[in-house]
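Here is what TrEMBL says about this protein:
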type: TRANSMEM; residues: A:15-38; note: transmembrane segment
type: TRANSMEM; residues: A:79-112; note: transmembrane segment
type: TRANSMEM; residues: A:147-163; note: transmembrane segment
type: TRANSMEM; residues: A:170-192; note: transmembrane segment
type: TRANSMEM; residues: A:212-233; note: transmembrane segment
type: TRANSMEM; residues: A:267-285; note: transmembrane segment
type: TRANSMEM; residues: A:292-308; note: transmembrane segment
type: TRANSMEM; residues: A:314-330; note: transmembrane segment
type: TRANSMEM; residues: A:337-356; note: transmembrane segment
Amino acid sequence: MMFEGEGSRRHERLYALWLSVGLFAVHQLLELLVAFAYHRHVLDVCYWDCKWYAGISLHGYAQTATAANHQANWAFFPLFPLLVLLINTATSLSIPLASVLLGKVLFLFSIYAFIEFATRYSENVPPLCAGMIVALSPYALYGNTGYTEPLFLLLTCAFFVFLKDRRYLACGLLGALLSATRVPGIFVALPYAVVVAQHFLPASREQKLEMVLGGLLIPLGLALFMLHLHAVTGDALAFIHVQKAWGRPLSNPLAVIVGGFERGNIHLIWALMSVLALVASLFLIFTRRLTLGLFSLFCTLVPLWTGLQSMPRYIWWQAPILLVLANVISRRATMIIFMPIFVLGLAYMYIAWMAVKSWVV
Amino acid sequence: MGRLSRFYPLLIVALLVFYFVLAFWVLHPTASVAYSQYYLSGSQAVTPP
């Protein structure tokens, strides 16, 4: 659907907003049905990483690791728990409840942001298809569980939209927030560098300064987090070193994938997802969408260093990968086949989540 | 934008100084080696939970 002029642009945005609200509501209804069937409360779903983030909001970062299993909350980045703390202070909601509610609000905004991102980067993707990919994919459940994924997707989509408009300072500020959200956030520096390299020489002095400042702002969130970890633990790289406490020593990504194929079952599915995500990244690079492809390549490869278990969360909340998927299923016939499978997958994931299965963490 | 852009050089220098300090003071090997040796040596892996 193409409109001309500012009025029609506003109309498009309004349509995307209502579409986001509708798809968000469908997702909430699905969760409600599963919760009802399994006698659970939809707001009492703060498990696994949500509890780690809630712990950060409550007590801050730990000075030492636990004696029993050597785990500590240093692996979890600070932006989401900081926002939860703000809500807790402003509303006096409990921390777990504030985490889940904030996650839901960010989830709604991330659906809208992805529709905006998808329409900017691919004319072939209808807004309905883009919204459905985010709202109803099997791993969309993390939008409702007090995780950091919706915040990451929202910021990534906003970053790429601003990058398309070459608003460097806005990109730098969003990059700073992204690098304080989760490890792959820092990789928006790569597409930023590509765009700056293409436009630096013909730019005016003021624009050049803006480009440099925007680029320098991107690592700021991570740098402040490292400084805080240094102050609390004495180790600025504690967020990397503590991975071993989860049985995730840094390994060769290729060996991790091969290991997944050899172990079979759910590991095989995670390995297949990782391979497909890498193929999608290369596809983006070779179809002249270097900015999106580079970001996805690093966002997939680096988490692979620490194993396969968290890969679905890194893949299914990555804007460029979701864009490729939206392109694949944008045809009506494909969508009719895929979407019921996705919705059933989402229901199954909710059932697993409410049964507190460890593989869905 | 015009007024704000006057501060760009100052902000750039401030950020460069901050990153320089972070790299050479906080990330200096003595800041991280003790901890990373403990974890990366695998000593925690052989400790029963």
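Along the chain as shown, residues are numbered 1 onward.
Heads up, the Cβ atoms here are built off N, Cα and C, so glycines get one too.
Listed as Cβ neighbours of the transmembrane segment (A:170-192) (distance under 8 Å, sequence separation of 6 or more from its ends, same chain) are residues 77-80, 148, 151-152, 155-156, 158-160, 162-163, 213-225, 239, 290-292, 294-295, 298-299, 302-303, 314, 318. Note: the stretches the transmembrane segment (A:337-356) and the transmembrane segment (A:147-163) are not in contact (fewer than 3 CB pairs below 8 A, sequence gap of 6 or more). Contact between the transmembrane segment (A:267-285) and the transmembrane segment (A:314-330) holds: at least three of their C-beta pairs are under 8 Å, each pair 6 or more apart in sequence.
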